[in-house]
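**Student:** Mind looking over this structure? Questions follow.
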Amino acid sequence: MVLFLLLVALLSPAGEAGKIIGGHEAKPHSRPYMAFLQFKISGKSYICGGFLVREDFVLTAAHCLGSSINVTLGAHTITDQERTQQVIQVRRAIPHPDYNDETCANDIMLLQLTRKAEMTDAVSLINLPRSLEKVKPGMMCSVAGWGQLGVNMPSADKLQEVDLEVQREEKCIARFKDYIPVTQICAGDPSKRKDSFLGDSGGPLVCDGVAQGIVSYGKDDGTTPNVYTRISSFLSWIQRTMRQYKNQGSA
């Protein structure tokens, strides 16, 4: 069964350490671009990840679309009210116009914030790839998030991270019937059981300091590899959309 990697918002108690599958706790604020999203779908609360790409825009997965979206920047322990945190509401959620919730195609969304985030040591932007830049099989990347620690396990209260290897496209083509190599990336580490899991949706796949992918979907048993939206295939849409709303909703 394929599932999106979002999660009902049931955070573990503060002080309870955990991991993304096969990962470890990140150094506090070592990923200052990370965003924690809370939103509602049909009255239920969910969480996703995201990342800051402009002072007033967060990039995430389109399947993280819901109502009353709140963005927390500058967090490490998400259950604490840390001084570094900036909580900002979303003015406008802009999923890709060709997003397909049945095949998971074009799973990308921009969130315009109601005000610009203040740039600090704990809050900053991450670079996006160049147009049509491709990651290659064998390349080491990483993901981070506050998602579920494993099958039937709680979500993390502290930011977790894990190193992943970009896999050959054939692995995801065989594993997922709707995998699209042109707009998606296959990543994980089947031999070591490392990957993103529930609640990590929308977070970045980071390769050499550049956000190359967005956590999209995988199998519900926590096995790897998983599918990531290929950001380089959507650069023109990202740039065009942010230009369109450049002077709207920024403090």
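Cβ coordinates are placed from backbone N, Cα and C, and glycine is handled just like the others.
This is the feature table in Swiss-Prot:
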SIGNAL    1-17  signal peptide
DOMAIN    20-243  domain 'Peptidase S1'
DISULFID  Cys48-Cys64  disulfide bond
ACT_SITE  His63  active site, charge relay system
CARBOHYD  Asn70  N-linked glycosylation site
ACT_SITE  Asp107  active site, charge relay system
DISULFID  Cys141-Cys207  disulfide bond
DISULFID  Cys172-Cys186  disulfide bond
ACT_SITE  Ser201  active site, charge relay system
**Student:** In angstrom units, rounded to an integer, how far apart are the Cα atoms of Cys64 (disulfide bond) and Ser201 (active site, charge relay system)?
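**Tutor:** About 7 Å separates the two Cα atoms.
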**Student:** Could you check which of these recorded positions, Cys172, Cys186, Ser201, Cys207, sit within 10 Å of His63 (active site, charge relay system), going Cα to Cα?
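**Tutor:** Within 10 Å Cα-Cα: Ser201.
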**Student:** If one measures from the C-alpha of Cys186 (disulfide bond) to the C-alpha of Asn70 (N-linked glycosylation site), what distance in angstrom results, rounded to a whole number?
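**Tutor:** Answer for this pair: 29 Å between alpha carbons.
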**Student:** Fill in the CA-CA distance, Cys172 (disulfide bond) to Asp107 (active site, charge relay system), as an integer in Å.
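**Tutor:** Taking the Cα atoms only, Cys172 (disulfide bond) lies 16 Å from Asp107 (active site, charge relay system).
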**Student:** Determine, to the nearest whole angstrom, how far the Cα atom of Cys48 (disulfide bond) is from the Cα atom of Asn70 (N-linked glycosylation site).
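**Tutor:** A Cα-Cα distance of 10 Å.
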**Student:** Which whole-number value in Å describes the distance between the Cα atoms of Cys207 (disulfide bond) and Ser201 (active site, charge relay system)?
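**Tutor:** Here the two Cα atoms lie 17 Å apart.
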**Student:** Same chain only, sequence gap of 6 or more: which residues have a CB within under 8 Å of the CB of Asn70 (N-linked glycosylation site)?
**Tutor:** Leu37, Gln38, Phe39, Val87, Ile88, Gln89, Val90
**Student:** Among all the protein chains here, how many other CB atoms are within 10 A of the CB of Cys64 (disulfide bond)?
**Tutor:** 27
**Student:** In this structure, which of the disulfide-bonded residues Cys141, Cys186 has the fewest other Cβ atoms within 10 Å of its Cβ?
**Tutor:** Cys141
